[in-house]
Amino acid sequence: MSHAASVHSLWTLAADPPREIPAPHIEYAQLAPTLIVLGGAVLGILVEAFLPRRARYHAQLLLSVVGLAAAFAAVVALAAGGHAGEKARIAAMGAVAVDGPALFLQGTILLVSLIAVFTFAERRLDPAAHGNRVDSFAAQGSAVPGGEAEQAAVKAGFTTTEVFPLALFAVGGMLVFPAANDLLTLFVALEVFSLPLYVLCALARRQRLLSQESAVKYFLLGAFSSAFLLFGVALLYGYAGTVTYSGIAEVVSGTTRTVDPALASTMGNDALLLIGGALVLMGLLFKVGAVPFHMWTPDVYQGAPTPVTGFMAAATKIAGFGALLRLLYVVLPGMRWDWRPVMWGVAIVTMLLGAIVAVTQTDVKRLLAYSSIAHAGFILAGVIAASPDGVSSVLFYLAAYSFVTLGAFSVVTLVRDAGGEATHLSKWAGLGRRSPLVAAVFAVFLLAFAGIPLTSGFAGKFAVFKAAAQGGAGTLVIVGVLSSAIAAFFYIRVIVLMFFSEPKADGPTVAVPSALTSTAIAVGVAVTVVLGVAPQYFLDLAGQAGTFVR
Amino acid sequence: MNPVNYLYLAALLFTIGAAGVLIRRNAIVVFMCVELMLNACNLAFVTFSRMHGNLDGQIIAFFTMVVAAAEVVVGLAIIMTIFRSRHSASVDDASLLKL
């Protein structure tokens with residue numbers, strides 16, 4: 001490489017007549033779900049710009065619900081049309097894969113976001129300010145907390161209806177993320193769903209300092225991790241000379257045709273592959289909240305507005321694990337012996353640390369955050385299985401887990417005192433005596449987190465651990481069961497606290513929600529019970545969707 | 001000149017950026033260090049593009065610039081709001097969310 005002749009001759013052929021650039025061929029029908037959601041988001045921006053303020057809330061809510069439902073219908077139509085099976089293809093000039101796992105995860109993300117939008121729109125929980133019903137979001141995000149501008153905005157009855165298009169943009173990015181079939185699309189999708197989430201985190205109506213702090217932390221750490229991911233992409237590009245998944249996989253497995261001798265010096269350089277692969281994995285593990293990249297999770301989950309936390313906890317995890325599965329199973333299957341030991345370690349540490357640290361938590365949202373870290377570890381156990389069963393069990397676990405999470409955070413929005421949500425655990429003491437229904441619903445979600453039989457959590461954990469055991473990860477399953485037992489301790493502790501201790505005199509009140517949050521919680525309970533009692537249909541569905549297209 | 005030297009420079013810039021993120025206390029400076037890391041990635045992309053003789057890397061550099069610009073918009077907005085409510089952009093001062 002030190003001699004000039006090794007530099008490729010592409011740069012010296014300017015005398016040639018320029019070749020015509022072929023127009024890219026885009027399969028609009030197969031990309032319909034993403035396009036519908038992003039189109040809805042753009043329309044939402046126009047609504048913000050041109051509609052009078054009082055009409056915006058209803059217009060935005062309608063637009064988001066219709067957009068997400070239409071996108072879900074498009075996913076179902078694609079799956080019914082065979083795109084999940086024999087007609088699975090790579091669309092958009094190799095940028096996006098339309099196959100079983102992608103469609104399954106996109107459908108789950110869309111359903112979860114549809115329900116999350118209901119919780120975004122809830123306006124019954126906070127007491128009306130100056131006669132205007134308000135939601136969980138700041139009257140004006142840019143106003144200084146407690147300042148005159150904020151008081152004026154509250155008095156005028158402003159609400160941040162921008163949250164709906166922001167959520168739609170985030171959903172659009174999440175739909176592309178698990179389907180991305182080259183590393184550039186992966187990076188762009190990551191940023192498209194992260195940037196709106198950073199903003200959403202900063203928009204809480206109550207405890208705005210906490211909310212802004214969580215946004216800063218999430219933003220700085222998120223940008224840091226995506227810079228690592230991008231450097232990993234650069235190194236993998238240097239390794240393979242291409243960023244498409246199939247191209248890199250070919251070079252990894254050594255089946256590629258011999259190319260220009262100028263490439264021989266970098267192509268197939270294992271240092272580039274190992275470091276690049278590790279950096280990309282790091283970026284993805286950050287997004288799913290696996291130890292040692294979990295530091296942001298508790299702070300962000302606690303500080304962000306609770307509906308946003310629920311949305312983020314459920315949907316980001318689905319998208320992140322989808323991308324992780326595709327990367328490990330499509331790009332790096334040839335390196336399985338290198339990445340499996342590393343992921344073993346990450347999974348074990350994630351399960352144990354998430355479960356153990358959760359025991360010491362005193363805040364419900366932080367507790368659920370550490371529980372989500374532990375669950376990331378359980379899902380990683382399925383990822384490590386490196387078998388079709390592993391893929392389908394992870395798909396099923398993600399679907400089951402996301403509805404439980406969303407439901408649990410929706411319940412957290414209901415328990416309130418004068419300062420907003422009462423998230424300290426001591427305030428939840430005796431909740432079961434004061435409002436048995438809410439406490440019982442929360443208990444169902446906690447039991448599902450713990451993996452008690454007849455809940456979706458059990459079916460999911462069973463599927464994941466079975467796949468891991470068959471994949472030769474017996475030790476991992478033992479650690480997983482142990483940490484499940486530790487985790488069950490603190491879930492049960494909350495249930496005992498709610499039902500078997502005396503309510504405090506100055507305890508929180510349970511707000512009566514409108515149909516929106518009630519629907520979200522009811523759907524959460526229904527999915528938890530149905531997936532727990534009769535999981536077979538959905539396991540089969542995930543099993544049929546378990547093949548990646550290359 | 002040997003293009004590998006540019007790779008060493010990219011790795012060096014990336015390391016300086018990463019160290020800056022970890023060491024510096026002002027949110028704006030931390031953010032600038034992240035941007036330095038992204039630009040180091042761009043340099044690596046363009047160098048690899050030259051070495052491989054295909055244009056993918058140069059196109060990716062354009063995408064990275066656009067993403068970095070979008071990140072600046074969101075990041076500065078968030079850092080501005082926290083500065084206005086706290087009169088400080090130090091990442092050490094923002095410590096309400098501790099156990």
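Please read every residue number as a count from 1 along the shown chain.
For all residues, glycine too, the Cβ spot is worked out from N, Cα and C.
Residues annotated as domain 'NADH:quinone oxidoreductase/Mrp antiporter transmembrane' in TrEMBL: A:180-486.
Here the transmembrane segment (A:28-49) has long-range neighbours at 56, 59-60, 63-64, 66-68, 70-72, 74-75, 78, 83, 89, 91-92, 96, 98, 106, 110, 161-162, 164-165, 168-169, 171-172, 175-176, meaning same-chain residues at least 6 beyond its ends whose C-beta is under 8 angstroms from one of its own. TrEMBL lists A:28-49 (among others) with the feature transmembrane segment.
Sequence annotations record features per position, and here TrEMBL assigns transmembrane segment to A:61-82 (among others).
Sequence-distant neighbours of the transmembrane segment (A:163-180) (same chain, 6+ residues past either end, Cβ-Cβ under 8 Å): 33-34, 37-38, 40-42, 44-45, 47-48, 60-61, 63-64, 67-68, 71, 95-98, 101-102, 105-106, 109-110, 113, 116-117, 120-121, 137, 186, 188-197, 199-200, 203, 308, 311, 315-316, 318-323, 325-326. The feature transmembrane segment is assigned by TrEMBL to A:163-180 (among others).
Residues or ranges marked as transmembrane segment by TrEMBL: A:186-204 (among others).
The transmembrane segment annotation in TrEMBL covers A:216-240 (among others).
Look at TrEMBL and you will find A:271-296 (among others) tagged as transmembrane segment.
TrEMBL lists A:308-329 (among others) with the feature transmembrane segment. Taking Cβ pairs closer than 8 Å, the transmembrane segment (A:308-329) reaches residues 97, 101-102, 105, 108-109, 112-113, 116, 119-120, 136, 163, 167, 170-171, 173-175, 177-181, 186, 189-190, 193, 197, 200-201, 203, 245, 280-281, 284-285, 287-289, 300-301, 339, 343, 365, 368-369, 372, 375-376, 379, 383, 386, 391, 394, 398-399, 401-403, 405-406, 408-410, 548 in its own chain, all 6 or more past its ends.
According to TrEMBL, the feature transmembrane segment maps to A:341-360 (among others). With a threshold of 8 Å between CB atoms, the same-chain residues lying at least 6 positions outside the transmembrane segment (A:341-360) that come near it are 278, 281, 285, 290-292, 294, 328, 367, 370-378, 380-381, 383-384, 473, 476, 479-480, 482-484, 486-487, 489-490.
Sequence-distant neighbours of the transmembrane segment (A:367-388) (same chain, 6+ residues past either end, Cβ-Cβ under 8 Å): 288-291, 294, 297-298, 300-302, 313, 317, 321, 324-325, 328-329, 333, 336, 340, 343-344, 346-355, 357-358, 361, 394, 397-398, 401, 405, 408-409, 412, 425, 449, 461, 463-465, 467-468, 470-471, 473, 476-477, 480, 483-484, 487, 490-491, 494, 543, 546-547. The feature transmembrane segment is assigned by TrEMBL to A:367-388 (among others).
Annotated transmembrane segment per TrEMBL: A:394-415 (among others), in sequence order. Through the fold, the transmembrane segment (A:394-415) approaches residues 101, 104-105, 108, 112, 115-116, 119, 122, 125, 136, 306-307, 309-311, 313-315, 317-318, 321-322, 325, 364-365, 368, 372, 375, 378-379, 382-383, 421-423, 427-428, 431, 438, 441-442, 445-446, 448-449, 456-457, 459-461, 463-464, 467, 508-511, 513, 517, 520-521, 523-525, 527-528, 531, 535, 538-539, 542, 545-546 of its own chain, all at least 6 residues removed from its boundaries and within a Cβ separation under 8 Å.
TrEMBL lists A:476-500 (among others) with the feature transmembrane segment.
Here the transmembrane segment (A:512-534) has Cβ contacts under 8 Å with residues 115-116, 118-119, 121-125, 399-400, 403-404, 406-408, 410-411, 413-414, 441, 444-445, 448, 453-460 of the same chain, all six or more residues outside its ends. What TrEMBL lists as transmembrane segment is A:512-534 (among others).
Long-range contacts of the transmembrane segment (A:271-296) within the same chain: residues 183, 190, 194, 217-218, 221-222, 225-226, 228-236, 238-239, 252, 316-317, 319-321, 323-324, 327, 331-332, 335, 338-339, 342, 346-347, 349-350, 353-354, 372-373, 376-377, 379-380, each at least 6 residues beyond the stretch ends and with a Cβ under 8 Å from a Cβ of the stretch. Sequence-distant neighbours of the transmembrane segment (A:476-500) (same chain, 6+ residues past either end, Cβ-Cβ under 8 Å): 344, 347-348, 351-352, 354-356, 358-359, 361, 364, 367, 371, 374, 377-378, 381, 384, 425, 428-433, 439, 442-443, 446-447, 449-452, 461, 464-465, 468-469. Packing against the transmembrane segment (A:216-240) from elsewhere in the chain are residues 183-184, 186-187, 190-191, 194, 197-198, 201, 247-248, 250-252, 266-269, 272-273, 275-284, 286-287, 293, 295-296, 299-300, 303-304: each is 6 or more residues past its ends and has a CB under 8 Å from a CB in it.
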